[in-house]
Structures are given as C-alpha cells and as structure tokens.
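What Swiss-Prot says about this one:
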type     : residues : note
TRANSMEM : 10-30    : transmembrane segment
TRANSMEM : 84-104   : transmembrane segment
TRANSMEM : 126-146  : transmembrane segment
TRANSMEM : 172-192  : transmembrane segment
TRANSMEM : 198-218  : transmembrane segment
TRANSMEM : 255-275  : transmembrane segment
TRANSMEM : 279-299  : transmembrane segment
TRANSMEM : 318-338  : transmembrane segment
Amino acid sequence: MNKWPRIMELIVAFGLIVFKVALLIAILLLLPLPLTWLERKIAGHMQQRMGPMRVGWHGLLQPVADGIKLLTKEDHIPAEADRFLFKLAPILALAPPFVVFVAIPFGETISVRGTEITLYLSNMNVALLFVFAVIGIEVFGVIFGGWAANSKYAVLGSLRTCAQMISYEIPMGFAVIGVVMLAQSMSLLDIVRAQTDVWNIVYQPVGFFVFFVAGLAEAQRIPFDLAEAEGDLGAGFHTEYSGIRFAFFMVSEYVIVLLVSVLLVILFFGGWNGILVPMPPLLWFLLKVAFFVYLFIWFRFTFPRYRYDQLMAIGWKVLLPLSMANIIITGVLLGAAAAP
C-alpha cells in the first residue's frame, strides 16, 4: 500500500498551519503601527488639529519612525532592579494575548484555487474557557514589571493593575455565561453559528454592556487606565522601561484592544454573519472589529479618568450584580421558552 499520498497530505497540512501561525504573528506584531497612526489622527481631528503630517503623506510613516526610535534607544535596566524578572515581564505581558488568538476564528472557510482553507487555527470546544484562562496570565507580566523595577511608581501601578484585572475579569466572565446558555456551547464557532438569524446583542444587551465596560478595563484604556495614569504615576508599571522592552508593553496593549473587539463581535454581533447588505463574511467581520477598535480610540479622547475608588465601585457594585442578574434572567427565560 502506497503511503506517500497520505504523507504528502500531512506535510501540506502542517505547512498550512505553520503559514497561518506565521501570518497571525506578523499581523499582530505590525498591528500597533497603523493603530498608533490612526489613534493620533483621530485625536488630532477631535481636537481640531491635523495630527502627524511630517513623515510621509499625512504622517503615514510616522509609526515607522517611532518604531525605529524605540529599537535604537538604550535598553536601560535600573541598578537596583531584579534583572531576571525585569527582562521576563515584557515577554509575559506580550505572549498571552498572542496565544489567545490560536482559539479565535475569523470565519468558516475560503476557497483558494479549489482548496478549502479554514480561517481558524483550532476549533476548541472550550474556546471561551481557554481565552479567559490564558489572558489571565498577562497580569503576571505587569506585576513582575512593576515589582522588578524597584520603583515606587511602578509598584503602585502594578498593584493597581492586579486589583483592577481581578475586579473586572469576574463580571467579564459572568457576562458571557448568558451567551453560552443561548448557544449551548463554549466553542466560538458554535456561538457564531447560533447567531445566523438573530445576533446575541438582541437577547443579551446587559451582557454586552458588562462585557464592553469590563473589556475597557481589561485593556487598561481610558477611562480605566489607572495602572499607568501619567498624572500620579508617571507611566505606571512600565515607568522604568525603555527601548524594545517598552515596545513589548505597547504592542501588548494594542493586541488586547484588538482581542476585546474581536470577542465583542463574535459573542454579541454575529461574528462574520451579515445583515441587509451582501458582503463577503470576512469583510463583515473585519468591518465590525474596526468599528469597536475605533470606539476604543474615541473613548480615550472623550471621557475623563475615574478615581481609583470609583473604578473599584463600578466593578464590584455595578457590573458584578448586573452580570449575575443577567444570568438569572436568561436562565428563567430559557426555561420558560422550553416549557410545554
């Protein structure tokens, strides 16, 4: 029996997986370049300025110049710092958001020259659990970065981050339980397929609100950027970082913004399922994600920063009760709908 066709199939399948992983890593690493340009442009126009204009047409090459500047800066390590943890922290902050995208589907399949290619790396039946388990590791990078620097500002920033992420990951996790109950699955593909006719935002507006606000806090974006508040902490947990290590933290922040936007689209807005206007599913998905990324940027230049006590109160006194009430109401309604 000739086994070569089977071996060739395995080689092609393995090569395709390697290509997908390499493409995903390249996109996520380069993502901050256009996003920083977009953020500065949006800020400029909201403040009746032009934004970056010097480097390239309308400042398009400004992110490249900023990247070169970061790469050529001195990689400074404070004399009293814990050198091992100081070097490890940026990697721990950057790696988890990248790993999470292994479980993120961007569509069903596309046909390339007669070959069906899936737009996901893995269809996990517990994908949601995997996402929350891995993203929780990111907090260790922030804590180690603040502690290892041996700086008061950095330590305070890392402690704030730890408290903030614990306070908001709980309601964030509770917010998706209603979605899981509707789809009867923790697979992100199954959740999108369950929204073919009606998006979950119709059934889960409270869950969406809780997840969106908690996502803002998880991404440490204004109005929840207490961990790196410039006014009272310098730059927070990465005050002592410079050069490529500082760039790691910046890339991590933008990747988390993208991740939260992708999860919002998949969980509540039908993923790649469109309405009214016929468009390719992948284009629908990208447009929805782009809308939420823009919303994150818009919030930064619209809302003031909350005080620390207000931040904690919103998480424990508002979002947590809302998310628990949403679970109870969803369960009651599903039970009533299933009753004869």
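The backbone N, Cα and C atoms fix where each Cβ goes, and this holds for glycine too.
Non-local neighbours of the transmembrane segment (84-104) in the same chain are 24-25, 28, 77-78, 120-122, 124, 127, 130-131, 134-138, 140-142, 144-145, 147-149, 188, 240-241, 245-246, 248-249, 251-252, 255-256, 259, 262-263, 266; each lies 6+ residues outside the stretch with a CB under 8 Å from one of its CB atoms. When Cβ-Cβ distances below 8 Å are used as the criterion, the transmembrane segment (172-192) is approached by residues 103-105, 108, 120, 123-129, 132, 200, 203-204, 206-208, 210-211, 214-215, 218, 266-268, 270-273, 320, 323-324, 326-327, 330-331, 334 of the same chain, each at least six residues removed from its ends. Counting only same-chain residues 6+ beyond the ends of the transmembrane segment (318-338), those with a CB under 8 A from a CB of the stretch are 168, 170-171, 174-175, 177-178, 181-182, 203-204, 206-207, 209-210, 213-214.
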